[in-house]
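Marked as active site, proton acceptor by TrEMBL: 125. Look at TrEMBL and you will find 194 tagged as active site, proton donor. According to TrEMBL, the substrate binding site annotation covers 16, 17, 18, 19, 59, 204, 205, 230.
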Ligand SMILES: O=C(COP(=O)(O)O)[C@H](O)[C@H](O)COP(=O)(O)O
């Protein structure tokens, strides 16, 4: 697929979910690099910067996207020829794809240990990482029941219930506003994440923070399943995660909206759950308290403060 087509598919949400978006972007950069013909390293780098920019502009919230793009682009550092740079990019992209796949598998294993036989689990949206925990526990023979929300307005819950149904997991499908009515029947909430900030706040599908509040009030455990490449390095510098606000026609038919001149339709796609409402974040490095986010960013992702200078140079180059 051409890079612009890939970008369109991410923008229109044909490809969605933070992990998939990141893997798709890494593969798109690799494929784009391989199509370059010529020997001028400057032109190659310029083309790669443009491709990175195109991908980064698709959706603003999932931090897995800039983290994946940076990981792949950084591989060009120190290369002296186009073939060298191409091969470094291919290697980095392939290594990201493999480690991302393994991360989800590990999260499944670790998350499944938090699920006991007979548990009722509630999940929101359609998260590979959250589903990995549920499906691993199911494969281990634990008897589970799941509540899955509808996820207005894009109904990602449909994807979730199909997957759960295909695996033979007993599932209840509920509208988003029914969460509080059922929360006392639930032992554990597991969601995914689009971003985790340095203070342990979790950015995920709109409605997650309401579910976390309901879980907190009911003393129901709230787990977040997230690969470490969803942790947001730039939040160390106080940079906020942009919450994507999508087109209003996803919420209300434009013909109806046209009859309501005093009504403004709002459609934020994500919200922020403060760390105090999250019991643990299940990463491929283990389950951690959300307050350990800084350690993940600094020690595991390797983002010391000096890295921001390099990152700044990269951003400057991309804006040229
Ligand atoms: O909020 C969403 C998807 O939102 P959208 O449908 O708007 O992309 C998912 O919970 C996270 O991205 C985690 O998913 P995963 O665990 O698969 O990375």
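A Cβ is built for glycine as well, from the same backbone N, Cα and C atoms used for every other residue.
Listed in sequence order, the recorded positions among 17, 19, 59, 125, 204, 230 whose CB lies under 6 angstroms from an atom of ligand 1 come out as 17, 19, 125, 204.
For the pair formed by residue 18 (substrate binding site) and residue 194 (active site, proton donor), distance between Cα atoms is given as 5 Å, rounded to the nearest Å. Considering other CB atoms within 10 Å as the measure, the emptiest surroundings among the recorded positions 18, 125 are those of 125. Nearest by CA distance to residue 194 (active site, proton donor), out of the binding-site residues 19, 59, 204, is 204. In the structure as shown, the Cβ atom of residue 17 (substrate binding site) sits within 10 Å of 23 other Cβ atoms. The Cβ of residue 205 (substrate binding site) lies under 8 Å from the Cβ of 124, 125, 151, 156, 191, 192, 194, 269, 270, 271, each of these being in the same chain and 6 or more residues away along the sequence. Taken residue by residue with DSSP, residue 19 (substrate binding site) is part of a helix. Long-range Cβ contacts of residue 59 (substrate binding site) within its own chain (separation 6+, distance under 8 Å): 10, 11, 21, 65, 244. Shown in sequence order, 124, 125, 127, 191, 192, 193, 194, 224, 270, 271, 273 are the residues of the chain, 6+ apart in sequence, with a C-beta less than 8 angstroms from the C-beta of residue 204 (substrate binding site).
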